[in-house]
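Student: Pasting in a structure now, in structure tokens, and then I'll have a few things to ask.
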There are 2 protein chains.
Amino acid sequence: MKIALLGCGNVGTEVVRLLHEQSSDLAARIGEPLELAGVAVRRPDKDRGDLPVPRELFTADAQALVSRADVDIVVELVGGIEPARTWITTAMAGGKSVVTGNKALLAEDGATLHDAAATAGVDLYYEASVAAAIPLLRPLRESLHGDRITKVMGIVNGTTNFILSRMTETGATFAEALDEAGDLGYAEADPTADIEGFDAAAKAAILAGLAFHTRVSAADVYREGITEVSASDVASAAQMGCVVKLLCIATRAGDDVTVRVHPAMIPTSHPLAGVNGAYNAVFVEAEAAGRLMFYGAGAGGAPTASAVLGDLVAVARNRRNGARTASESTYADLAVRPMGDVTTRYHISLDVDDQAGVLAAAAQVFADHDVSIQTVRQDGRDDDALLVVVTHQATDAALAATVEELAKLPAVRQVASVMRVEGG
Amino acid sequence: MKIALLGCGNVGTEVVRLLHEQSSDLAARIGEPLELAGVAVRRPDKDRGDLPVPRELFTADAQALVSRADVDIVVELVGGIEPARTWITTAMAGGKSVVTGNKALLAEDGATLHDAAATAGVDLYYEASVAAAIPLLRPLRESLHGDRITKVMGIVNGTTNFILSRMTETGATFAEALDEAGDLGYAEADPTADIEGFDAAAKAAILAGLAFHTRVSAADVYREGITEVSASDVASAAQMGCVVKLLCIATRAGDDVTVRVHPAMIPTSHPLAGVNGAYNAVFVEAEAAGRLMFYGAGAGGAPTASAVLGDLVAVARNRRNGARTASESTYADLAVRPMGDVTTRYHISLDVDDQAGVLAAAAQVFADHDVSIQTVRQDGRDDDALLVVVTHQATDAALAATVEELAKLPAVRQVASVMRVEGG
């Protein structure tokens, strides 16, 4: 069984190492050995230390490698949209199965890849694209075969989770925690994709598509990052027994789907609340199975390589058995609803004048929008007061309109913060 | 594809319901419909309400049903050792694949079943035997194919987790929390199998066997239940930022394996600490994947049926493709080490005379056994003092010997409690 590897960076190096170290175990599980046919890299002549790969296997011509007749499986670890998409579709058109960790491509244009796999009758596996080593996509598409998933809620970005964890643990500001993440190698030089939620949104699209057997692209995902999360938001969360997390949330009700990424407060008793640092976790609710959660390292060469190897074994076994996993090519055509239709809860902090009647006026605004209040706390300060309101479930549109009108009340000096509350 | 169902209680009823409701989805995923060939029950004539099964499919003769030539897959949900073992081995000898949730049989005599499956060239799947709907066994045996698991640590018994959660939340005694569990249907009339750890030990044996590809039976598992856990143990745990959980822990180092079930303190920051009520969770450490956790409902008809259906689809697909999952028939022959060789930490509370020199004498006992102390706290009370010691890692044998000798010190009135500390 011959493997073509595209890319030999952090993850690819670990894949090569595992293929080498576990070769006899892998051969026993598949029924025949896995053999590296070639490794496409930008600089084939680069010194790669003691990597157990003969020099002559390296090539700069990925397109030629994926077209070779003797290659059975292509492992794509280059990332990005092009030329990865061309290489993958070329490989599949030539009858090769594909294992990839390319979340950007899957989220932007997964339909093209799935259709190409279905047309060619080959496997497309991508466990490594979401939450690295956490066995997540396989359970979603195999273990829950006879069940119906209604909700997926997860922490799928390690950088932002590290930042929010530090803010919670130390009271640091966002800027301080971001600096620390950069110093420790958890944030990239340009952290935009992480802190603005783009990375999480791509993963949310992949998860929602798999969970609900429908097509969701990154453009369908409502997205807010964590740059506006303040130390006082984190402190307010703690005061009500919550922590702040950047969540990706996808729900299904009937033929309607919602998919969103935003910071939210969740109770410390919720299993996701204990997911700290660079770890990832995804919570799944299914009709029969109930609530499930999957937790693990969300990034890193070795964890991601572990996921790639798991896929590689499955794909290789399928090829040997003449089988494939075809379920992703059958789609329901579910509508993705806009954010305004999502039901959620809000935690709202208002700086208000410390005088009688403020609460009554604020409460009337909530009532006018049919938003039911769960708790109110009013704390007098030097010359003003802090009014903190937590609502019951309402549509995001109603909640947003409520906040807009609250800001116009004469006694409201400032809307200090607004954050969604989940997992109650 | 014809299915014989053995047992139609809580879980079997849900399996029938899901087979019926999801029949077109299942047929699409497998490539052909799943059809019930018969249901073996003790009382075939019993009124089963609106269960969507024709009367004539019920039979009291399970042995005849599993011997029928037209049956492809047997789903065993009867439990217990015999006659379940005979039915399963008969089915496999006749070329049928088997899906079972029978943890007692797998833990007591899994080797017989695995050997029978290997000899007959059929599948044996048992996701439902551990932690109900949590997709756990499939990731262990498929997703982590190219990796090496070093540790499995889990909460796998819902009854004891409910009891310990209530003790933590309300300060209740063990007896009070057990009563409450009984009232709410979380504890059986005879709760021995749960509270003495037998159920968790059976699951520990199954998990260790799968994780390390070796043979472990329930008799190999060191076992302590939770009947001795006191309200003051729970309070002490809280004081040091911990909660008390009944853990199953299996480790592998080289060719040595340890498998144990006992109550232990774990830090509230540990992901398992947030697993409350009747929920289950299992923590897995693998060389490449790092730390993973799987969480979900540990019992219940619908969750368990969801796991059975997932297995059923996998087995049916394998049959249709002429494939099977054979990896469990290849075993490493690893030695299971005795509890004394396990390294762990202890939390020890001593009632001591409130006088100078007590701490020095106690510290000397620890030193004599090469047990390093992490923290000591001494609180004076009316006429005595409470000395609380938390150790660093040491062998269980050294820790036990230390405690035995501490109890003999003149100034020690009583060893108030001893509990292992994990997850640090």
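The backbone N, Cα and C atoms fix where each Cβ goes, and this holds for glycine too.
These figures come from a predicted structure and were not determined experimentally.
Annotations for this protein, taken from TrEMBL, read as follows:
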ACT_SITE  A:Lys203  active site, proton donor
BINDING   A:Leu6, A:Gly7, A:Cys8, A:Gly9, A:Asn10, A:Val11, A:Gly12, A:Thr13  NADP(+) binding site
BINDING   A:Lys103  NADPH binding site
BINDING   A:Glu188  L-homoserine binding site
DOMAIN    A:347-420  domain 'ACT'
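Walk me through where these features lie, including what they touch and how far apart they are.
Tutor: Long-range Cβ contacts of A:Lys203 (active site, proton donor) within its own chain (separation 6+, distance under 8 Å): A:Lys103, A:Ala107, A:Ser129, A:Val130, A:Ala131, A:Gly154, A:Val156, A:Asn157, A:Cys248.
Counting every protein chain shown, 27 other Cβ atoms lie within 10 Å of the Cβ of A:Leu6 (NADP(+) binding site).
Classification of A:Lys103 (NADPH binding site) by DSSP places it within a helix.
All protein chains shown were included, and the count of other CB atoms within 10 Å of the CB of A:Glu188 (L-homoserine binding site) stands at 13.
A mean pLDDT of 92 is what the model gives for the domain 'ACT' (A:347-420).
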Student: List the residues of the same chain that sit at least 6 positions away from A:Gly12 (NADP(+) binding site) in sequence and have their Cβ under 8 Å from its Cβ, in sequence order, or write 'none'.
Tutor: A:Leu5, A:Val39, A:Val75, A:Leu77
Student: Does DSSP give A:Gly9 (NADP(+) binding site) helix, strand or coil?
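Tutor: A:Gly9 (NADP(+) binding site) sits in coil per DSSP, no helix or strand.
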Student: If you count, for each of the binding-site residues A:Gly7, A:Gly9, the other Cβ atoms lying within 10 Å of its Cβ, which residue has the minimum?
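Tutor: Across A:Gly7, A:Gly9, these binding-site residues, the one with fewest Cβ atoms within 10 Å is A:Gly9.
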Student: So how many other Cβ atoms are close to A:Val11 (NADP(+) binding site), meaning within 10 Å of its Cβ?
Tutor: 25
Student: Return the single residue from the binding-site residues list (A:Asn10, A:Thr13) that has the minimum number of other CB atoms within 10 Å.
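Tutor: The binding-site residues A:Asn10, A:Thr13 were compared, and A:Asn10 has the fewest Cβ atoms within 10 Å.
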Student: In DSSP terms, helix, strand or coil for A:Glu188 (L-homoserine binding site)?
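Tutor: DSSP call for A:Glu188 (L-homoserine binding site): coil, neither helix nor strand.
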Student: Just to verify a number: CA distance, A:Gly9 (NADP(+) binding site) to A:Glu188 (L-homoserine binding site), in angstrom, no decimals.
Tutor: 16
